[in-house]
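The structure under discussion is supplied below as structure tokens; questions concerning it will follow.
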């Protein structure tokens, strides 16, 4: 049999290379669905399947436009976003934000009311693009330094754990309403803390003073602690608070914005702890409540306290959270049964 010529050998080499390239592509496609340990990667959907012993969830940064982590020391059960006068719907990086939170520390004396300023926040999408395009290591190091997120904390000692914080802008004042474990609802002026997180000089003076958080107003009429509280988006300074003994009180601001008139007749049609309260975004006198008694109720403060619309057995267990749709008469609720439900308020009775 005649020996193969050079052209035949070249063709065979090309075919082998094509086969190897094809195998390599297939391997890459298979590896895309595998984790570092060779196991298959997939999206975890709570309630669809159980995590197996030894399995751990890993975050996919590509799923987020922006992702940053921070620590506050003691855990915080609640936080709220402060108005920063930089406009709504911002999409240009770097971002910034102001937050207010309250701690649940091991001892009552160790708690803090915190104002945080986070800034120089870059998006994960932009970071990934620049990592692919950059080839100069020194430039990458400089970029990393310039894009490092920044955070300033102004913490005021607060006696007692803080169950929930809600903030509002009342004229020139930034106010925080605080539900604390000692059974009081307190109102704080955050001016000094906001000045501190925007100025190193003000921060130095703030730290040196180390003042305990002193409320400008407090209410002890609930007789027990609670978690439900909300500022009205329609009437500056109007507040509603609910406790673990089912009672709800409405606060009306007095002239000057430094004190409140609180109706001593509670809205008390719930039979168990009030878990959340939300003012209507469109009707100044209407608010909704949800409770451990599994119901959702809608109230109008112009009507007697016993009058309301109700969805009894809204969930099969505690109803923990509610939120109004800003444009439509819909309400979203979430409960201990693991369900989210959307309600058409036009069908409430």
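Cβ atoms are placed via backbone N, Cα and C, with glycine included.
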Per TrEMBL, which of 1-42, 43-84 is region 'Disordered'?
1-42
Pick from 98-122, 123-147: which stretch is listed in TrEMBL under region 'Disordered'?
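Feature region 'Disordered' in TrEMBL: residues 123-147.
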Please give the sequence-distant neighbours of the repeat 'WD' (312-349): residues at least 6 beyond its ends with Cβ less than 8 Å from one of its Cβ atoms.
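Hits for the repeat 'WD' (312-349): 47, 275-276, 278-282, 288-292, 294-296, 298.
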